[in-house]
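What TrEMBL records for this protein:
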| type | residues | note |
| --- | --- | --- |
| ACT_SITE | H186 | active site, proton acceptor |
| BINDING | D41, N104, V128, G129, N130 | NAD(+) binding site |
| BINDING | R91, R97, N130, R161 | substrate binding site |
| DOMAIN | 5-151 | domain 'Lactate/malate dehydrogenase N-terminal' |
| DOMAIN | 155-329 | domain 'Lactate/malate dehydrogenase C-terminal' |
Amino acid sequence: GEPIRVLVTGAAGQIAYSLLYSIAKGDVFGKEQPLVLVLLDITPMMTVLEGVVMELQDCALPLLREVIPTDKEEIAFKDLDIAILVGSMPRREGMERKDLLKANVKIFKSQGAALDKYAKKTVKVVVVGNPANTNCLIASKSAPSIPKENFSCLTRLDHNRAKSQIALKLGVTANDVKNVIIWGNHSSTQYPDVNHAKVNVKGKEVGVYEAIKDDSWLKGDFILTVQQRGAAVIKARKLSSAMSAAKAICDHVRDIWFGTPAGEFVSMGVISDGNSYGVPEDLIYSFPVVIKDKTWKFVEGLPINDFSREKMDLTAKELTEEKETAVEFLSSA
């Protein structure tokens with residue numbers, strides 16, 4: 001078949017180092033799909049990127065037709081089928097969230113405009129670089145000719161973290177747990193919700209609350225663990241999550257490409273327009289979605305209790321504030 005063009009930004013970084021091998025060996029787009037990998041990074045990282053290209057060549061991977069390293073947007077964004085935007089300005093010590101937003105608005109405005117100008121109109125764009133939800137919104141607003149629905153941000157890592165915590169608590173595998181939800185922002189206000197999640201225990205499917213029988217853990221430590229997991233990894237490893245982030249990106253993109261399994265939904269940050277959960281419009285907010293034919297749909301009609309409502313509103317409020325700050329910067333960027 002024809003190769004598809006896949007862009008990874010921040011390609012000389014930590015996450016990309018785990019991600020590129022998985023994509024190139026066929027874990028994401030299937031074992032039959034040839035690819036061209038386009039690797040974008042900033043000019044000072046070009047030498048490092050050359051090393052990454054050499055390693056990809058040295059893997060001798062049959063699906064990988066070409067690797068294009070570049071620091072130029074007009075090369076990187078040309079004719080893309082999929083863009084995985086990993087690169088962003090990281091938060092440095094003593095940096096206010098506002099400073100971080102300002103730096104990233106500039107990057108994602110520029111990349112959104114480049115997508116608009118050079119990429120296919122069918123391109124799927126996945127934003128990983130933090131603050132992911134707001135970066136994704138800025139990129140989408142800067143690419144008016146590409147459908148808003150084609151933009152999503154990564155909350156699959158949080159989703160996987162939640163699944164794993166439930167599995168560990170019950171002594172089952174992560175595959176035995178399904179339909180956890182991450183609502184809202186990929187930040188410490190996100191709400192990991194297991195009210196609708198199911199777990200397979202000894203061949204029988206039961207609700208997570210019923211299986212765990214410990215409401216105070218589910219409403220307390222479980223939520224905190226998932227919310228704070230990124231910080232805990234940094235504290236232990238002195239570096240942020242890379243292996244698990246790369247795995248989550250693979251899961252997210254594979255589901256966009258091939259759809260979600262029957263009876264299962266996943267969490268993705270998507271445009272909130274037309275949702276039935278009382279989340280304000282024009283935010284990139286993480287919802288439960290099902291995907292078919294490369295198109296996602298909200299999972300509708302899940303009952304929301306008061307505890308959940310409060311948590312969902314709190315993270316929406318943070319996203320609204322972030323958006324307002326970012327939009328201010330957007331006009332001056």
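Each Cβ is built from the backbone N, Cα and C atoms, and glycine gets one as well.
The binding-site residues recorded for this entry are D41, V128, N130, and the Cα of N130 lies nearest to that of R91 (substrate binding site). Most other Cβ atoms within 10 A: among the recorded positions R91, R97, R161, H186, that distinction falls to H186. Between the candidate binding-site residues, N104, N130, the densest Cβ environment within 10 Å is the one around N104. For the pair formed by the residue listed as 'active site, proton acceptor' and R97 (substrate binding site), distance between Cα atoms is given as 14 Å, rounded to the nearest Å.
In this structure, the CA atom of G129 (NAD(+) binding site) is 18 Å away from the CA atom of R161 (substrate binding site). Across the residues annotated as binding NAD(+) (D41, N104, V128, G129, N130), the widest Cα-Cα separation comes to 16 Å. Summarised as a single figure, the pLDDT of the domain 'Lactate/malate dehydrogenase N-terminal' (5-151) averages 96. Here the domain 'Lactate/malate dehydrogenase N-terminal' (5-151) has, by DSSP, the following mix of helix, strand and coil residues: 66 helix, 27 strand, 54 coil.
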